[in-house]
Amino acid sequence: MSFDMEPWEADAACVGQDPDVFFTGSDEKAAVAVCASCPVRAECLALALRKGFEFGVFGGYTATQRKTMRRKKGASAYV
Ligand code: SF4
């Protein structure tokens with residue numbers, strides 16, 4: 001898993017937010033609500049699906065939701 005910064009991350013709606021909300025699953029509804037207005041949501045979701053991030057909320061989707069997406073399409077669809 002890579003945590004290198006992507007160029008679009010500076011525009012993310014979660015910049016300055018409590019990272020625990022996004023990465024620990026402590027409040028998935030709050031994280032998803034922030035993502036809903038994020039201008040780089042599509043890029044974020046694509047990255048999370050491509051990298052197979054197993055935890056947290058990315059692109060407005062929980063880890064469980066992303067796992068289902070990858071299973072339905074096949075992980076190779078996101079490479
Ligand atoms: S979609 Fe959500 S997690 Fe991804 S960059 Fe935007 S606010 Fe952050």
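Keep in mind that glycine also has a Cβ here, set from the backbone N, Cα and C atoms.
What TrEMBL records for C14, C35, C38, C44 is [4Fe-4S] cluster binding site. Per TrEMBL, the feature domain '4Fe-4S Wbl-type' maps to 13-68.
Annotated features taken from TrEMBL, shown on the structure.
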residue : record                        : Cβ neighbours (10 Å)
C14     : [4Fe-4S] cluster binding site : 18
C35     : [4Fe-4S] cluster binding site : 21
C38     : [4Fe-4S] cluster binding site : 18
C44     : [4Fe-4S] cluster binding site : 23
Problem - DSSP residue counts for the domain '4Fe-4S Wbl-type' (13-68), split into helix, strand and coil - result: 31 helix, 2 strand, 23 coil
Fill in the blank from the handout: Looking only at the domain '4Fe-4S Wbl-type' (13-68), mean pLDDT returns 95
Exercise for the section: Show, in sequence order, which residues other than C14, C35, C38, C44 on the same chain lie with their Cβ within 8 Å of the centre of the Cβ atoms of the [4Fe-4S] cluster site. Expected result: A12, A13, V34, V40, R41, V57, F58, G59, G60
